[in-house]
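First comes the structure, then the notes that go with it.
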Amino acid sequence: MDLDSSMVPENDQDPIATSENQSPMEEKEEASEQQTGSESESASLTPSLPPPSQQQQQQQQQPQVTAVVGPRCAPTYSVVNAIIEKKEDGPGPRCGHTLTAVPAVGEEGTSSYIGPRLILFGGATALEGNSGGTGTPTSAGSAGIRLAGATADVHCYDVLSNKWSRLTPYGEPPSPRAAHVATAVGTMVVIQGGIGPAGLSAEDLHVLDLTQQRPRWHRVVVQGPGPGPRYGHVMALVGQRYLMAIGGNDGKRPLADVWALDTAAKPYEWRKLEPEGEGPPPCMYATASARSDGLLLLCGGRDANSVPLASAYGLAKHRDGRWEWAIAPGVSPSARYQHAAVFVNARLHVSGGALGGGRMVEDSSSVAVLDTAAGVWCDTKSVVTSPRTGRYSADAAGGDASVELTRRCRHAAAAVGDLIFIYGGLRGGVLLDDLLVAEDLAAAETTSAASHAAAAAAATNTPPGRSPGRYGFSDERTGELPESAPDAVVLGSPVAPPVNGDMYTDISTENAMVPGIRRTSKGVEYLVEASAAEAEAISATLAAAKARQVNGEVELPDRDRGAEATPSGKPSLSLIKPDSAVPNSVIPAGVRLHHRAVVVAAETGGALGGMVRQLSIDQFENEGRRVSYGTPESATAARKLLDRQMSINSVPKKVVAHLLKPRGWKPPVRRQFFLDCNEIADLCDSAERIFSSEPTVLQLKAPIKIFGDLHGQFGDLMRLFDEYGSPSTAGDISYIDYLFLGDYVDRGQHSLETITLLLALKVEYQHNVHLIRGNHEAADINALFGFRIECIERMGERDGIWVWHRINRLFNWLPLAALIEKKIICMHGGIGRSINHVEQIENIQRPITMEAGSIVLMDLLWSDPTENDSVEGLRPNARGPGLVTFGPDRVMEFCNNNDLQLIVRAHECVMDGFERFAQGHLITLFSATNYCGTANNAGAILVLGRDLVVVPKLIHPLPPAITSPETSPERHIEDTWMQELNVNRPPTPTRGRPQNPNDRGSLAWI
């Protein structure tokens, strides 16, 4: 059975451009060392100039403006001489296979470390009309693949060692097939569809799990109807969540349907989408690649009339759930199908392809790049302004050697960092077995300069309806916020992830691009009940603080009453200092939020990698009653256990040595905590001496990393240390400080690990590691939400209760805020109704308990911003009676009063790990992922450089391990008590899910 028409045979010799058995990574490192000024990043990323004619045109139009550089041309490819120790280790000649990049596993430098890999699956190893894979067909008109030669083999190319090997996974493999699809979900490869010796393959999803030392095949159970058997279709993981399957051929005709599987919703189910907008026609042999921000780009293909297509289409999901197609801007250099395409940051690299009738894409058009930041196509020569009319005859061999290398079809491509790999394919009736590589140095150049330089070339050649900038194809925000306004807070064009997990990305296509606007969700009528949880525990304390204020026990001058000083509920304008007032629309010179955020792709451990357990919002319930937290007698008896002495300095070192393992830490098999109460007492004594000597408001310097709520999710803390540097002499503690914004305990399963490690780091690096207090650093709160239970469960009732009391006494000494460079203030909650000046916080005397605190302390630890920038003044807080939310006007007033430019606070779970408010003058930060196993949120930190540019860095939630499903005994033993706690006392809902609009006029519950 033939899948396509023939390819006219040619006798080509592929040049060998790389040195023998040297990995592309090693070549890249050597090339970097040979460059002059290799230490300068900008030197290696300088893009090429536009063509001379374009330069002259730009100079004529703008004679007074220096010409800007444009997008780089497509890179050239060379052959990789990979190591193949045994014949079966090499994939050999084949076509119709898939090549998928998989990130590294394990800790680098250890025996268990496995570097980035390319996984090759399936494909055809023979052609119709000949028995060998590399021979000439018996007929020039019949060179279709021989389905009897389709395989289910798995081969692995280790990028670092430059070595091929054949894998023999456990489990039942998929049937032999070609023209199938595959995509990576973390360290897993999902395979679907295709055609083999028995005909069309079933629509089942097969997963190759590479998280373990030996890979394993799994079959994913999917309910309901799905795409059905098909081949020549496309599939990609969009937005780290949706598996999208599009088009192909069902054995009768080409298709144009779109199917989505939400990996965050169980049971798994395919859903047929009906996207709006102008989409691609029914076609097969196209390519689909997902950009990191959730934009899917479908390129090329062959329609029902066997005509090759040139257009590219973007598919994006709106915040309201709608999907929409849009035609990508720019002019493609050539139509094509059976090509390969892969994103490297914001640049889509397209290679090879067929034109039908035995012809292939040749000349400079055989390699092309769609620069989605600039909105233009480039080939190996220049920006493309019209379709190329080069030679496309099948007998035109010779010419540029690099072009000859990529003149092929039915091959496969994958990217590792800024390296693009191509394997195999078909050329002139000959199956290929070569591995090619190219390096895209322009991958990081997603700049407004590139957009401006390309605009002149693209403006007059953009067909009607192809609007650059739709769905972020180009950086349309450049026109709104030019580079001449350096202090504007901008979210820049997204850049796709390299395989090591790091990526630069626009902050999620599902999020509002306008600061202060949040997503909504169904079931919001349940949020009022859920959000009353923690406030119920603190309501008595808040009432006592108000009573003391009324009775004069706590003196608050008029200026300290904030919004309460005016009948309208808004702050008095007289409170704003005339000499410090700044425009509300632009942050003053100095502090800026970087236009990109660094994201770590979700690691995997389940059947579909990025799948995260998710509970419906209607499962949130009100908090239950308190539990007892022991008696003074039990605490006194426990204290008598301290009958031995230990060196003060030995305990912190023991803790750091035992716990600071960013890549190697695993939850202990035994829940018994590794420290006894004597050691914890020594650790607390050492840390308390340091905290007592520090001011209530810390004075810190940049550079510094800022962490939000951790809530006992120690694994997330280790992942953040692993991805973005750890506080050790082997890490980055010598040149950057660490600041933690509170809520170290409760909710998570490893509060003891979290707080003891942070205290040990404070003792070891007291001038570099800084901790301030959160609302859960209080006995009344952490008695209810997990910390006390964990202490008892892991240390025994007597020791556990004593340790819980001792750590809470230490919490009373924690500083309450931090000023960075006197321009940024960091706190846990917010400014509430009462805080107008930093001096109010500085005047709070420590140690202090919640019961003894004032309204200022309550606001500092408990208040939140309002729903969005349009809600000003003060509003009741959904957390519970007596608590408030504050609007953007309060933020601006506070910044003006104190000559500040930014407030960084934690306290609320936000979907992307960080969220802007008050036109970027306030950032909410949350570092724990998938809060309480229900929120499915990312975790983030902020990195403030010496230039006061704030860079968000994110990690995604980890999915449940496939080897330990939710119903397994291991998982049941591990977290039964914590699951019960979260069911009985659900967390405060994720920020951005507002109250039901029908209930907004009814706030009597406050």
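Using the three backbone atoms N, Cα and C, a Cβ is placed for every residue, glycine included.
Residues or ranges marked as active site, proton donor in Swiss-Prot: His776. There are 27 other Cβ atoms within 10 Å of the Cβ belonging to His776 (active site, proton donor). His776 (active site, proton donor) falls within neither a helix nor a strand when secondary structure is assigned with DSSP, and so counts as coil.
If you look up Swiss-Prot, you'll see Asp709, His711, Asp743 marked as Mn(2+) 1 binding site, on the strength of similarity to another entry. A C-beta separation below 8 Å, combined with a sequence spacing of at least six in one chain, links Asp743 (Mn(2+) 1 binding site) to Gly708, Asp709, Leu710, His711, Gly774, Asn775, His776, Glu777, His828, Ala906, His907. The DSSP secondary structure for Asp743 (Mn(2+) 1 binding site) is coil.
Residues or ranges marked as Mn(2+) 2 binding site by Swiss-Prot: Asp743, Asn775, His828, His907. Cβ neighbour count for His828 (Mn(2+) 2 binding site): 26 (other Cβ atoms within 10 Å of its Cβ, all protein chains included). His828 (Mn(2+) 2 binding site) carries neither a helix nor a strand DSSP state and counts as coil.
Taken from Swiss-Prot, the feature compositional bias 'Low complexity' applies to 38-47 (among others).
For 54-67 (among others), the entry in Swiss-Prot reads compositional bias 'Low complexity'.
The phosphoserine annotation in Swiss-Prot covers Ser616 (among others).
Sequence annotations record features per position, and here Swiss-Prot assigns phosphoserine to Ser964 (among others) based on similarity to another entry.
Residues or ranges marked as repeat 'Kelch 1' in Swiss-Prot: 138-184.
Feature annotation from Swiss-Prot assigns repeat 'Kelch 3' to 295-345.
Sequence annotations record features per position, and here Swiss-Prot assigns repeat 'Kelch 4' to 351-398. Each residue in the repeat 'Kelch 4' (351-398) has a pLDDT score, and their mean in this model is 78.
The repeat 'Kelch 5' annotation in Swiss-Prot covers 419-465.
Secondary structure by DSSP for the repeat 'Kelch 3' (295-345): 0 helix, 26 strand, 25 coil.
Taking the Cβ of His711 (Mn(2+) 1 binding site) as centre and 10 Å as the limit, one finds 29 other Cβ atoms among all the protein chains shown. For the recorded Mn(2+) 2 site, residues Asp743, Asn775, His828, His907 set the reference point as the centre of their Cβ atoms, and the other residues of that chain within 8 Å of it by Cβ are Asp709, Leu741, Gly742, Gly774, His776, Gly829, Leu861, Trp862, Ala906. Same-chain neighbours of the Mn(2+) 1 site beyond Asp709, His711, Asp743, judged by a C-beta within 8 angstroms of the site's C-beta center, are, in sequence order, Gly708, Leu710, Gly712, Gly742, Tyr744, Val745, Asp746, Arg747, Gly774, His776, Ala906, Phe926, Ser927, Ala928.
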